[in-house]
Every structure is written in C-alpha cells, then in structure tokens.
Amino acid sequence: MLKVLIPTIMLFPTIWLTSPKWLWTTTTAQSLLIALISLMWLGWTSETGWTTTNMYLATDPLSTPLLVLTCWLLPLMILASQNHINPEPISRQRSYITLLASLQTFLIMAFGATEIIMFYIMFEATLIPTLIIITRWGNQTERLNAGTYFLFYTLAGSLPLLVALLLLQQSTGTLSMLVIQYSQPLLLDSWGHKIWWAGCLIAFLVKMPLYGVHLWLPKAHVEAPVAGSMVLAAVLLKLGGYGMMRMMIMLDPLSKELVYPFIILALWGIIMTGSICLRQTDLKSLIAYSSVSHMGLVAGGILIQTPWGFSGAIILMIAHGLVSSMLFCLANTAYERTHSRTMILARGLQMIFPLTAVWWFIANLANLALPPLPNLMGELMIITTLFNWSPWTIALTGAGTLITAGYSLYMFLMSQRGPTPSHIMKLPPFHTREHLLMALHLIPVILLVTKPELMWGWCY
C-alpha cells in the first residue's frame with residue numbers, strides 16, 4: 001500500500017520544485033509511474049482476502065480494482081487539462097495539479113482504509129479539492145451554485161452516517177472492517193434500528209447518486225473543468241458504491257425488508273434519467289445524466305445482495321468509470337475548439353476530425369454496452385440477478401437498456417453527423433496528446449475483456 005501512497009505524496013514537492021518548463025512533463029511521468037506501480041496490486045492474493053501493510057491500510061479484491069482505477073486516472077487528468085490550464089500563471093498551474101494529487105491521496109486512503117471511520121473522514125476530505133476545482137476553474141458563473149449544490153447534498157447525506165457509525169462503535173466496540181465481519185450480528189428490530197439502517201446507506205446513495213437525490217451531479221459535471229468531470233464520473237461516484245458494498249455486510253437482517261423502495265427508485269431512475277438524456281441539448285449534461293442511469297443499475301445490483309449482483313456492480317463501476325471519463329474528455333476536446341457545449345451549434349464534426357469521430361463511435365458503443373466489453377458483462381449480471389429476484393424487473397431494466405442505446409445514438413448523430421455549420425470551419429487540428437488520452441482510456445477496457453476476473457475474482 002505504502003509503495004503507491006508515498007510516491008503519490010512525493011508528487012507535492014515535485015509539483016512545487018520543478019521548473020515551469022518541465023512542470024507538466026514531470027508530473028505526468030511521475031503519476032504514470034505510480035499508475036504502473038499500482039498494477040502490482042492486481043497480482044496479490046492472500047487466504048483471508050486482505051493484504052495488509054499495517055493495521056489501518058490494506059487492500060482486498062473489492063478495493064483493488066477501484067484503487068488501480070484511481071491511480072490510472074491521475075495522469076489522464078493531467079494530460080487532459082494541459083491545454084486550458086497552460087495560459088494561466090505558473091503558481092495557479094501548480095495549485096491545480098496539487099489539488100488533483102491531493103484528491104488522489106485522499107482516494108487511495110479512502111479505498112485502502114480498514115477502519116470505517118477513516119474511510120468516512122477520507123470520503124469527506126475528497127469534497128474539498130473537488131469543490132475548489134469546480135468553483136475556481138469552472139467555465140460559467142453558475143459554478144458557485146453547482147459547488148453549493150454539490151457540497152450541501154453530500155454533507156446532508158453524510159452527517160447521519162457519522163452518527164450511525166458512532167452508534168455502531170458503541171454497540172460492537174470496533175469499526176475495523178477486518179474484525180467487524182466476524183462480530184455478532186446485531187439484533188435489529190426497533191424503529192430506531194431502521195433509522196440507523198437508513199443513516200448507514202443514505203450518504204452513499206446520495207454520492208452514487210440514486211435518482212431523487214441526483215440533482216447535484218449534472219450541475220457539478222456541467223460546471224466543472226475537464227479534470228473535475230473526469231474524476232467525478234470515474235472515481236467519486238464509485239466511492240458511493242464501494243461504501244454501500246462495505247456497509248451491506250453488516251446490515252443484513254434488516255436489509256431484506258427495507259431495501260424494496262431503494263431498488264424500485266434505482267430501477268425507475270434508470271428509465272427516467274435515460275429519458276431525460278433523450279431531451280438534452282447540452283453535451284456534458286447528457287453524459288452526466290447517463291452516469292446517473294448507469295449508477296442506478298449498480299445500486300440495484302448492490303442492494304439485492306447476491307454474489308452476482310455484487311460482481312456485476314463492481315464490473316460495471318470500473319467499466320463505466322473509464323468510458324464516462326473518456327466521453328467527458330471527448331466533449332472537452334470539442335468544447336476547446338468550438339467553445340460551445342450545445343450539440344446543435346457544434347455538429348457535423350466528422351467531416352473536420354474523422355479520426356476523432358472514430359473515438360466518439362467507440363466510446364458511444366462502449367457506453368451502450370456493446371459485447372464483449374465489460375460494460376455489457378456487468379449489466380447482464382445485474383439484470384440477471386434482478387430478474388431472479390423478481391421477474392417484473394426485466395421490464396424496467398430492458399427498457400433502460402433500449403433507452404441507453406437510443407440516447408447514445410442520438411449523442412453520436414448530433415455531435416458528429418449532419419451538415420457542418422459555417423461558423424466552425426477554421427478549427428485547430430487534434431493533438432497527439434488527445435489521441436493518446438483516448439487510447440489510454442480505451443486500452444484498459446479492451447484488456448479487461450481478456451481477463452475479467454481481475455474485477456470479479458473477489459466473489460468466488
């Protein structure tokens with residue numbers, strides 16, 4: 001664990017001591033090196049499942065894929081941000097990369113924490129850099145409004161969790177994930193216990209987000225700069241799913257009866273947010289709502305509490321993290337050239353950038369779960385386990401899949417096909433850096449087709 005965490009912390013002196021000329025090169029190189037070192041986690045196996053370096057930091061097969069995804073994303077965020085942060089003063093450039101590195105540090109400590117209270121503290125700490133990135137480097141004036149939504153939704157959901165964790169500490173005497181799974185199951189029968197159960201999960205359902213408490217997400221995504229959108233879609237939403245998986249182990253006797261309304265809301269959210277996507281004119285807003293739709297499926301898979309549901313959820317989380325991050329990068333490349341996110345104003349780009357149209361096509365196919373990509377694998381596992389739980393769910397999940405295909409096609413046709421408007425003729429060409437960025441998003445997705453057990457091995 002420390003062999004990744006210490007180089008990540010060493011990024012801070014690198015950022016502030018490097019000469020301005022080499023700032024982006026050295027930070028990208030060091031973060032890529034950290035990402036490559038983190039791949040070593042995938043080879044670790046132990047009898048108990050946990051591989052510990054000390055009492056407070058450990059990896060197990062559930063957190064490992066998410067940790068590797070976190071480390072993989074930092075060099076991609078730095079690559080994606082170069083163009084629009086470069087004109088700024090050097091101190092601001094350093095501050096920006098420092099925020100990205102601090103976010104990675106907090107995320108590694110959140111996914112690697114064995115104490116639930118440490119996970120909670122790091123879960124909350126990720127808010128601070130994200131909020132600064134959105135409110136300082138966002139594009140429009142609404143960014144302050146978006147930052148307020150983001151902060152208050154997440155905090156309002158998280159405070160009940162803190163109280164619930166303190167109550168859990170009082171009744172079991174420990175909050176260590178290594179120990180708590182072997183403790184006596186709690187006798188949960190009163191109304192107070194039901195409120196405690198809700199308190200344990202609501203923070204994560206807001207973070208995922210579940211339909212109904214999702215309004216902060218499109219605002220935050222649309223106003224954030226490209227790196228903010230990437231980390232929000234790829235990793236911060238997955239914190240919610242990861243936290244739910246960890247908590248569901250302890251909430252077992254009550255979950256059987258209390259979980260119904262949340263599953264219904266998650267499945268209804270797939271249909272509703274998919275339908276909202278079909279009416280969007282803003283490119284980033286469309287991708288943001290599609291994230292809500294996919295995470296609704298993940299929430300359903302986790303709440304159902306079967307090995308298939310959990311496996312499907314983790315596979316879909318990893319695949320969706322890479323694909324939605326790639327879509328945000330593509331949206332940003334179009335925005336940097338046309339200075340518009342409105343799809344009607346920036347359409348017909350295939351004639352100008354034919355190779356980029358190929359990236360758009362592949363990203364859209366991955367988003368609508370093309371076989372044999374892991375997106376389809378995760379979705380099929382969740383749909384199957386939901387069908388096993390109740391055959392009626394196939395109507396909702398099936399319709400959700402069709403709507404996903406519909407809005408993915410709509411997004412591709414609106415942005416790439418059709419006549420090119422006369423006002424977007426003189427555009428700067430694509431850089432090798434941007435093609436590299438797309439390739440680095442796509443290569444892990446394709447490699448996971450060949451070895452999917454890296455993601456789901458923890459269940460068997």
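Cβ coordinates come from backbone N, Cα and C, glycine included.
Copied from TrEMBL, the annotated features are:
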DOMAIN    1-110  domain 'NADH:ubiquinone oxidoreductase chain 4 N-terminal'
TRANSMEM  21-42  transmembrane segment
TRANSMEM  62-81  transmembrane segment
DOMAIN    113-403  domain 'NADH:quinone oxidoreductase/Mrp antiporter transmembrane'
TRANSMEM  117-137  transmembrane segment
TRANSMEM  149-168  transmembrane segment
TRANSMEM  195-217  transmembrane segment
TRANSMEM  224-243  transmembrane segment
TRANSMEM  258-279  transmembrane segment
TRANSMEM  286-304  transmembrane segment
TRANSMEM  310-331  transmembrane segment
TRANSMEM  352-370  transmembrane segment
TRANSMEM  390-413  transmembrane segment
TRANSMEM  434-450  transmembrane segment
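Within the model, the domain 'NADH:ubiquinone oxidoreductase chain 4 N-terminal' (1-110) carries an average pLDDT of 91. Taking residue pairs at least 6 apart in sequence, the transmembrane segment (149-168) and the transmembrane segment (286-304) share fewer than three C-beta contacts under 8 angstroms.
Listed by sequence, the residues of this chain that lie at least six past the ends of the transmembrane segment (224-243) yet keep a Cβ under 8 A from its Cβ atoms are 62-63, 66, 69-70, 73, 76-78, 80-81, 84-85, 96, 100, 103, 107, 110-111, 119, 123, 126, 130, 133-134, 137-139, 143, 146, 203-209, 217, 284, 287-288, 291, 295, 298-299, 302, 313-314, 317, 320-322, 324-325, 328-329, 332.
In the domain 'NADH:ubiquinone oxidoreductase chain 4 N-terminal' (1-110), the DSSP tally of helix, strand and coil residues is 83 helix, 5 strand, 22 coil.
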